[in-house]
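Asker: Swiss-Prot lists 19-234 with the feature domain 'Radical SAM core', giving sequence analysis as the kind of evidence. The feature [4Fe-4S] cluster binding site is assigned by Swiss-Prot to 33, 37, 40.
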């Protein structure tokens, strides 16, 4: 396929693509963020990343992705609210026909902005919390005002007719209070609540020993969640509780992103295109939207084709009868834990490196690291990490 970008009004799409369409576009607008969450999935060296894409460059990305079949866009970061052109980007995404999501901490959000985003056509707002009580929330966020701001904005989102979607990242320091978390969500009249146990990428991987819950903590938390689900169902209550367990307590890997470069496409603040938001850490030269069309990136680039299909797989994945279900698991996790992204995801009990996972489980039983001892995601720490790498 040619490297020349096709005409904007008539992009070439293979009649029967060998891969899926990029249905889900994650627009990481910025790595700037007022919070310092120690489980952030942003790269450790975010402080040395390049200049952010301009408004016009994001318009081009969205148009090309939409013409290729992308249906849903998530505006993320960092904190996307620091971008002064966010309402413009939302309006353009709506004009192009995207279903639009704003994934935010709520810091920097105001009622005036909510109204402006509604007018621009925003479909969905997800607000994240760090904990159910102010002290722990603010300690994890690195901000003394974060909790009060989040509460106020969650209520404002509901007031202006959006479905209330709340996200709580749970870990060993807050998971034992999952009942309080759910009660807070019900008090805020949440429609959907994602109780997402920490996934260990980026800063969370760096802090894994201090964040990974024990097996007993997870079992109790899921039992409490199921009790609330039963109560809500009996009351015909509309709130839906989604409980996400960490990979580290599974015996089979997830079908990460439904397969490498299959439906999901991330564009980072500097324009680097990735098949998942954690892939930047790999020793692979990924394409940039400043230099290539989205068409070329998705279908022709080495980075997006590197782990498509099954031919790249070594054993035990190559001969495994489950490979079409899980695609060998997460490539980023394989790279982080074994140093080779082509290895089987160590989460899988068939992996030759599964002992790394069982060792992490054992370490969680005796871990003593406090919140204060975690490495917080901020510019200073990022620069130190970048300097030492």
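Using the three backbone atoms N, Cα and C, a Cβ is placed for every residue, glycine included.
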Asker: Cβ-Cβ under 8 Å from residue 37 ([4Fe-4S] cluster binding site), same chain, 6 or more residues apart: which ones?
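Answerer: Listed in sequence order: 130, 140, 141, 142, 169, 203, 376, 377.
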Asker: What are the other residues, in sequence order, whose C-beta lies within 8 angstroms of the center of the C-beta atoms of 33, 37, 40 at the [4Fe-4S] cluster site?
Answerer: 35, 36, 39, 42, 78, 79, 105, 203, 377
Asker: When a 10 Å sphere is centred on the Cβ of residue 40 ([4Fe-4S] cluster binding site), how many other Cβ atoms does it contain?
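Answerer: Its Cβ shell of radius 10 Å holds 24 other Cβ atoms.
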